[in-house]
Amino acid sequence: MPRNAEAPAKGTTADDFAPTQWNIIYLLMTVGALMAALSISIQPLLLDKIFGIAFEKEGAVNADIQVVAEIVSIVCVGWFGLLSDRIGRVRIIALGFLIAVVGAAVSLLSLQVGLAFGAAGLVLFYLTRVLLTVGADTVQLQLSTLVGDVSSRANRPRLMGNLVFMMVFGGTMLAAIVMQMADYPGGVFLIMCLPLLAGIAGFQLTRRNLRDVAPPQPASEDDEHPLRQVWTVITSDPRMQLAFAAAFYTRADVIILSLFFSLWCISVSDLVGVTRTFATAHAAVMIGLLGLAVLAAVPLWRSFIERHSRISAIGASLSLAALGYIWLGMFANPFNWLVALPLLMVGIGHAGCFVTLQVLTVDASPKPILGAMVGAGYLVGGLGTVMLVQSGGYYFDALGPRAPFILMGTGKMLVTLYAAWLLANGIDETCDHHLKSARTVDWKPLVFLTAALPFVWLVGRSVIEGYISNGSLGEAPVGFVNRYLGDWAFTFLIISLAMRPVQEITGIKTLAKYRRMIGLFAFFYAVMHVLAYVALEWALNLGDMMGDIYKRPFILLGLVAFALLIPLAFTSANSQIKRIGGKRWKKLHSATYVINALVALHFILAANHENGEPYVYAAAVIVLLWYRFHQWRGGNVLRALRIG
């Protein structure tokens, strides 16, 4: 079992840090947040003016780039979190700055290729966004962990609040000021140069000024795997379950607003008679106002969480942000300065939730696995970002530019209801921030609600917008709805396929009871995907469908995969396992490997040349299938990777 979360490590008090080192930490956090914010804020303008992406594809392509960057970042940054417990935080921070420097250098190359060849430079831009996201997120995560190492329960809200303050200052206020250069000749080039210079400066400052304070935790064969320890902490503490559910929606706040508010301004710029560079600068100003709200609210929330329950703080901050998002979704014109009011609400809510999550995670984490716990929180937030940005991109193109904000608002309301349910059932903190009872909570309701949310939101939004009022979704939205449902089916297939390797790597056997639930959601979204194609796209016209399949043979691959998935779904119950027999059931369900391969090929052939997302999904399938094949041949992947 993990050691006590507050076991003191010698020489790790806040007083052991000189004021100069604290200033360096805050400065580096500002630099890391600035690099991340600039790469996101400039993206819509580059895709529109440099790479020539068509207006009707802007939402999906912007979302795809962010999704690819987040998927790669989840893997890399999560691994760095585990590694930092063994080799220290400072080395990983320096590595993060180096990765960002490489990404910034590639971005300048992609700019020149884009100017010369248009969309041909998009591949390099994908690489740029991946490297900058991995580098900047690594820096911010490890700096938070370093402050967690040196803080105590008494001063943690203040220190974490200061860190969040500087991160928001760099990611919103400072980024908003820098983005004003976009409206001037040569301004875009200067903006793209700044992450390169900032990364080099951050690397030098890290090497010369930072030092680790927590002793490295060398790996031992007798120790429980860190991920298993993380799971133990989360499952034994309902506050952490709430915190991770909130992180799913909170980390995406700035990304969603920076990306889709900028896209919204650009998409209507011609209608209101302004240039697209001016629209980008205007969006940056509004995001800067959001950042100002966060900065002003951090001290207030810091005081609140010192005196009140963290569960109450999460619920209150999430509900405020949710109302702000829903209000923002009701505006028709992003250039109406009244949109600042809901943005201020989102900013205040984001500040409370983010600070509370940081403090609660460090409070509940045993010191030896603090890096792994913070990394797990990043993993959940990254998965949320992937799912929300992916959905937001489709909604932006199919249902309008305000749709992503409604998505965020409804998701936050869902977690708010979960917080209210905990409080209503007597799960709360004492005055010194310890749980009043040792009651544990099953994850199944939360997993079910989260997995069902994309479909519920799609149906609800379609009804609100009137797409179903006349019995038809209309020609334009059908393609997006069909693709959206197919993406979710494939996403849940991959998650289901990945759960057994994760279970074997971590030793967390309880994951098995969620695997079939995830698999059934994959089948559900696959059914919706097929129905959308058959009923909405072709209105049950078999002749036209056959002609379409002849022209686009990849559809046949999808239908074969769906046919193979049907018996797996109908034999998933425990009663069917007993009826069929365990060995025959396992042999039948090994068809999931073929299904994933077929769907990956179907996805690649269906995608356009501007979309790199299918290749990332396919790479994930290849890695997982390689793992299963190696295990089937008698190899020990875990021992080969030195993680089992």
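Glycine residues also receive a Cβ, built from the backbone N, Cα and C atoms like all the rest.
According to Swiss-Prot, the region 'Major facilitator domain' annotation covers 1-427, on the basis of a curator's inference. Swiss-Prot lists 488-599 with the feature region 'Ferric reductase-like domain'. Annotated transmembrane segment per Swiss-Prot: 63-83, 92-112, 113-133, 159-179, 254-274, 281-301, 337-357, 369-389, 403-423, 440-460, 478-498, 612-629 (among others), in sequence order, evidence recorded as sequence analysis.
Through the fold, the transmembrane segment (63-83) approaches residues 40, 43, 47, 92, 95-96, 125-126, 129-130, 132-134, 137-138, 141-142, 145, 226-227, 255, 259, 371-372, 374-376, 378-379, 382-383, 385-386, 389-390, 392-394, 396, 611-613, 616, 620 of its own chain, all at least 6 residues removed from its boundaries and within a Cβ separation under 8 Å. Look at the region 'Ferric reductase-like domain' (488-599): DSSP puts its residues at 99 helix, 0 strand, 13 coil. The average pLDDT for the region 'Ferric reductase-like domain' (488-599) in the predicted structure is 85. If one looks beyond the transmembrane segment (478-498) by at least 6 residues along the same chain, the residues whose Cβ comes under 8 Å of a Cβ in the stretch are 60, 387, 390-391, 394, 397-398, 451, 454-455, 458, 462, 515, 518-519, 521-523, 525-526, 528-529, 532-533, 536-537, 558, 592-593, 595-596, 599-600, 603, 606, 617, 620-621, 624.
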